[in-house]
Amino acid sequence: MHETFMRRAISLAERGRGHTAPNPLVGAVLVRDGKIIGEGFHAFYGGLHAERAALEDCFQRGLSPAGASLYVTLEPCCHTGKQPPCTEAILAADIRAVFVGSSDPNPLVAGKGIAALRQGGIAVTEHVSESACDALNAPFFHHIRTGLPFVLLKYAMTLDGKTACASGASRWITGEAAREEVHRTRAAVGAVMVGINTVLQDDPLLTCRIPGGRNPLRVVCDSGLRTPLDSALVKTAAEVPTLLACCVSDTARHEAYLAAGCEVLTFPGRRVDLRALLTSLGARGINEVLVEGGAELGWALLSAGLVQRVQAYIAPKLFGGKNAPSALGGTGVPYPIDAFALKNMHIRSFGADVRIEGDL
Ligand code: AOF
Ligand code: ZN
């Protein structure tokens, strides 16, 4: 029964996906006599918290939350941020029992929310469907603990492990359903990132082209500032936020990009320090970055320990060709024992394609 109500709270939380960063996805359900009397979720950054949204819904239905149980996917907050403390609203509403999924690692909350509820005489049960609740907010947890965004490395390849033909042509490897899923992922993340070679080879647009989707910030890792002024990215930079990360301090060379609407971020040295770039993205509240190519950027991030999840879309095709590229470049590991091992593997089909996902 507890799992059923928490599952409902999780699906409510999902509705905020793409709109809450850097804050978490949170859902809440009020239950009395086995019936749901109020539901809510955190809909957008800075907006009403899930708990207060559920109480609001209960009042709207003309019902009283007194004596009810609250199921909430994340520990209720007890601090004043953009919103007042949820613990106060819960206590004021005379809720009898609170069932909590994830603990909140936010140092302003971290256990203090639970303690405040217990102090107020509420029976609190923690860790209800915890792993499912935790899975909602992997980027939030990673970002609040490290200051860095959660990095999702995605690529599409053939069943023989090729990401392009020997000619370099790569459009398209996967089918429509898989590509649509990538657009859904773009709508959920704060930024998408590519390396300069991907821009030069594919001239990608990197926007979200599904109804109701929003565009993430587009980031090019472009140490030498070689992104063409007539690339799709630069030509659309006035409408879609675009950031060029480079090591070119000659600001005269920045001007044409700035005039086109790009932002240019300069790093010291010869190659962009990826940890420094991610740190600056994290500092602006971006808690998840989707890396969409290419092989060198992917390897550089992976070997620096900066990747948290990998998504491989695999098409039922074979390209062959000893010079046809694969998903990761760089030096690679010397021996099988040195491999980067993935865990929590998930497999899903999209049309004729398969997606294999795993965490590092
Ligand atoms: C949310 N939505 O439903 C819950 C959150 O600045 P504030 O007031 O919005 O507080 C943000 C923090 O509140 C967030 O980092 C998390 O620790 C806690 N809970 N946040 O945005 C919610 N329940
Ligand atoms: Zn709150």
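Any Cβ shown, glycine's included, is placed from N, Cα and C.
Record note: TrEMBL gives His49, Cys77 as Zn(2+)-binding, and the candidate from Cys58, Cys86 in that site is Cys86. Here the domain 'CMP/dCMP-type deaminase' (1-125) has a mean pLDDT of 95 out of 100. Looking at Ser170, Thr198, Ser223, the binding-site residues in this record, the fewest other C-beta atoms within 10 angstroms of the C-beta turn up around Ser223. With respect to ligand 1, the binding-site residues Arg186, Thr198, Ala295 contribute no residue with a C-beta closer than 6 angstroms to one of its atoms.
In this structure, His49 are the binding-site residues from His49, Leu206, Arg209, Ser223 whose C-beta falls under 6 Å of some atom of ligand 2.
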